[in-house]
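Under the heading active site, TrEMBL lists ARG170, GLU290. Per TrEMBL, active site, proton donor is recorded for SER220. Summarising the annotation, TrEMBL assigns domain 'FAD-binding PCMH-type' to 26-191.
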Amino acid sequence: MTTINQALPQVTIFQNEPLSHYTFTKTGGPADFLAFPKSVEEVQAVVNYCQTHDVPWLVLGNASNLIVRDGGIRGVVIMLEKLDKISVEAEQITAQAGAKLIDTSYKALEYSLTGLEFACGIPGSIGGAVFMNAGAYDGEIKDVFAYCDVLYPDGQVKRLYKEEMAFSYRHSAIQEQKAIILSAAFQLKDGDKSQIKSRMDELTFLRESKQPLEYPSCGSVFKRPVGHFTGKLIQDAGLQGLQFGGAQISTKHAGFIVNVDHATATDYVELIAHIQAVIKEKFDVTLETEVRIIGEEK
């Protein structure tokens, strides 16, 4: 295991790297190894090494809708932020998995293409956005998705089209597969640049006025339960402002948990469990997490 750096000298790999440096919550323990491949070939090389040497591996996107437990992650964590190319051909925009969804939406604006306005404030990567079927303001990735290229552990790259992705609310088929999204293409439409920009400005204003962007957070913590608004349930339960350690239910938007004072991942996980228990008891509503919680306890 100690030879991954020797085996792959071309890949930037850090050892025992704190993931709190990368997660949006500023929490999380270390990865045994954290790899930053610069190309699809380097991603394949890292995965091949791990598969051959029986080393566990996983991919992180932008770590914006993620909690890494305080014990960190064993094996190799692959971050794709260096795979960030975005290209436009006619009405189709293609982005590598490490490209930011926000940057991709602004590239669409640059070319007067409409369809990605909803994404202008979502801080995830393209890979993470497709994986989660990210959405906001009545738009979702599935609405504009054309296809994605996916790497499987055996080294094969396959192109998956919309009908193969089983998209639903915050879900895609990739969640049930051990696979890496390498890039994705989105089918947009020609639009009026000023109207597209106006809509993006409007959504940015809404987001900034309603969400607690002044603090580290993992974004929307819970999926929206059918027939309810999560934030209102939490408010009605009298939980808004509640703090466990350094993690607090935001006083600005109860659907967010913010890091107000050197929170640990354990603070987050315990507060989430408390919210779920109270909402279940008071309203008989089961809150499912939208945020992914991974890694080991300390």
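Placement of Cβ uses the backbone N, Cα and C atoms for every residue, glycine included.
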**Fill in**
Integer Å value for the Cα distance linking ARG170 (active site) with GLU290 (active site) is 7
**Asked** What's the CA to CA span in angstrom from GLU290 (active site) over to SER220 (active site, proton donor)?
**Response** 7
**Fill in**
ARG170 (active site), Cβ-centred 10 Å count of other Cβ atoms over all protein chains shown, is 20
**Message:** Restricting to the chain of the residue listed as 'active site, proton donor' and a gap of 6 or more, list residues whose Cβ falls under 8 Å of its Cβ, or answer none.
**Reply:** ASN65, THR230, GLY255, PHE256, GLU290, VAL291
**Fill in**
Model confidence over the domain 'FAD-binding PCMH-type' (26-191), as mean pLDDT, sits at 96
**Fill in**
Around the Cβ of GLU290 (active site), other Cβ atoms found within 10 Å total 19
**Prompt:** Three-state secondary structure of SER220 (active site, proton donor) from DSSP?
**Reply:** strand
